Amino acid sequence: MGASAINVQVKSLSGKSLISRIALIFFLVFLGVGIAFLRAKIRLPLHLPGRHGIEVMFLLTFLRIAFPLKWSGSLMGAGAGLATLIPGMGFGDPFMALMFFLPGVGLDLFFSGEKYFGKNIFVVALAAGFCYLSIPMARSVITLFGVTYGSFVGGFLYPYFTHFIFGAVGGFLGASFSKVLK
């Protein structure tokens with residue numbers, strides 16, 4: 001009976017081991033926590049809505065290109081969202097987890113159709129700008145239910161414009177940095 005041994009290998013369909021996949025998932029979530037930590041510690045009183053789009057979208061775009069796992073942007077966004085629940089991080093917005101998660105999902109959706117859009121840095125920058133634009137869009141819906149945001153004090157279109165610009169600049173820097181390192 002010893003001659004009919006079953007050869008069991010823990011492999012996924014892509015050839016990478018399941019353990020290394022799980023380790024990569026935890027690492028991406030941990031990177032998301034790092035993004036939220038960095039965002040919490042950079043406190044520049046510029047009073048510009050979306051100013052953190054430069055560092056957040058730089059890191060999300062660069063790391064999304066560096067780790068081409070299908071849902072790596074969403075995993076980093078989920079990790080950043082979980083970090084908002086850590087006491088002492090300084091996030092007073094109860095919806096901040098959603099605000100970290102949405103741009104990551106948007107980047108994943110863009111990169112799932114990347115073969116149609118190409119790998120042009122400017123196209124990636126535009127996509128990053130639109131992904132970061134999801135934050136004021138979500139906040140606009142939340143304000144319909146009575147929650148107020150200081151970013152809308154200066155007008156309704158201004159936060160949309162600044163979020164797009166800062167997100168696009170961050171995406172451009174992230175895509176450029178990934179091209180330089182390749």
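Numbers run from 1 along the shown chain.
Even glycines carry a Cβ here, placed using N, Cα and C.
In TrEMBL, annotation is done automatically, which means it is predicted and not curated.
Sequence annotations record features per position, and here TrEMBL assigns transmembrane segment to 18-40 (among others).
Among the features that TrEMBL reports, transmembrane segment is placed at 52-71 (among others).
Taken from TrEMBL, the feature transmembrane segment covers 91-111 (among others).
Here TrEMBL flags 123-145 (among others) as transmembrane segment. For the transmembrane segment (123-145), the residues of the chain that approach it from at least six positions outside its boundaries are 49-50, 53, 56-57, 60-61, 65, 95, 98-99, 102-104, 106-107, 110, 117, 151-152, 156, 159-160, 163-172, 174-175, judged by C-beta separation under 8 angstroms.
With a threshold of 8 Å between CB atoms, the same-chain residues lying at least 6 positions outside the transmembrane segment (157-177) that come near it are 48-65, 103, 121-122, 124-133, 135-137, 139, 151. Annotation comment: TrEMBL describes 157-177 (among others) as transmembrane segment.
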